[in-house]
Amino acid sequence: MKLLVNDDPTTLSYWLNWRVFLCAVWVFVPMIIAAFIIWKYEHSGNSESDDAEGNQQESSHIRSEKSWKPCLKEIHPVFLLCFRIIAFGLLLAAVCFDLVLHGAELFYYYTQWTFTLVTIYFGLGSLLSIRGCFYIPKIDRHSKCYITEDTEQGLHVPLAHGVNGNGMRLREKLDNRGTIHALITSGVWDDLYQVLFQVTAGAVTLTDIVYWGVIFPFMELKDYEMGFLTVVTHSLNAVLLLGDTAMCSLEFPWFRISYFILLTGIYVIFQWFVHACVSIWWPYPFLDLSADLAPMWYLVVALMHVPCYAIFLMFVKVKHWLLSRWFPHSYLYGP
């Protein structure tokens, strides 16, 4: 649906008015706050304490497990792997068909940004599940062999302090022999996967609510004929993401709504930049800054981020609450 602009956005007069100023406030203030929250909660200083280092490694190991282990012992990790591979294949096929039919113009929509992120989420999730199911067990067995060799050489007493008889830390010795292990089990990909999970969860909820609750009724009044791929784009990603959430062990902390806010802010700034350069239609009617109600629409969409993220957070909380009571002995991770 293309909406003709009321004014030319390539002119300076289009941007120098009170409506644009208020809309900019609704966009940039949340982005600044979100950036500060990310810095506050994600930033971690380097500790010189061996205990702190050990705790960080243990925490990284747990995060790594949560990226590929199901939340119940009865669910085999290979089952979650198969689900993610199938989901990735379905989403990738939908993206490819959409690109063939509509071209790169498709990425002009926030919905397609979200759909593509969900596709990347399942692609990365498939790789992490493959790593967890097939690579990590083999590497762990090799690491245990190294530890056994050192123990047989009489290093069991100094191991309590993390140092062997030659004054070399066991961790350093293992790291020298297990460089591949460090690369494969690096927590960077697990952290990125966690962020993708929280961003896509909020974005999918927002796009589906806005589309089915606001845009779809408007199109029905105009007798708009909705295509199959349109329905898929606004439903399949949500269904698959809910299925993965029901099985996986990923966390869903409140503060990571900040990444969701940054994603939307970046999209809006991208639209402003494009329209400042080229006078074209707006992908969504409420993005048009020339409308008198533009500040209200921008504020409403900005405020919608909180309930949209909260809806998915509630789903995760309910899942944890139910599974911890139905399967108290096989439930692996809490919220």
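Cβ from N, Cα, C; glycine included.
Feature annotations, reproduced from TrEMBL:
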type: TRANSMEM; residues: 16-39; note: transmembrane segment
type: TRANSMEM; residues: 78-101; note: transmembrane segment
type: TRANSMEM; residues: 113-134; note: transmembrane segment
type: TRANSMEM; residues: 195-214; note: transmembrane segment
type: TRANSMEM; residues: 226-247; note: transmembrane segment
type: TRANSMEM; residues: 259-284; note: transmembrane segment
type: TRANSMEM; residues: 296-316; note: transmembrane segment
Close approaches to the transmembrane segment (226-247) from elsewhere in its chain (Cβ under 8 angstroms; 6 or more beyond its ends): 70-72, 75, 79-80, 83-84, 87, 90-91, 94, 97-98, 101, 111-112, 114-115, 118-119, 121-122, 125, 197, 200-201, 204-205, 207-208, 211-212, 216, 219, 312, 315-316, 319
Contacting positions for the transmembrane segment (195-214) when only residues 6+ beyond its ends and CB under 8 Å are counted: 110-111, 113-114, 117-118, 120-121, 124, 234-235, 237-238, 241, 245, 250, 252-253, 256-257, 259-260, 263-264, 284, 301, 304-305, 308-309, 311-312
Among the ranges 16-39, 78-101, 113-134, 259-284, the one whose Cβ pairs under 8 Å to the transmembrane segment (296-316) are most numerous: 16-39
Distant-in-sequence neighbours of the transmembrane segment (113-134), which means Cβ under 8 A and at least six residues beyond its ends: 64-65, 67-69, 77-78, 80-81, 84-85, 87-88, 91-92, 94-95, 107, 184-185, 189-190, 192-193, 196-197, 199-200, 203-204, 206-207, 233, 237, 240-241, 244, 263, 267
Distal contacts, the transmembrane segment (259-284) - CB-CB under 8 A, six or more residues away: 2-5, 8-10, 15, 27-28, 30-31, 33-35, 38, 108-110, 113, 117, 195, 198-199, 202-203, 206, 210, 215, 301-302, 305, 309
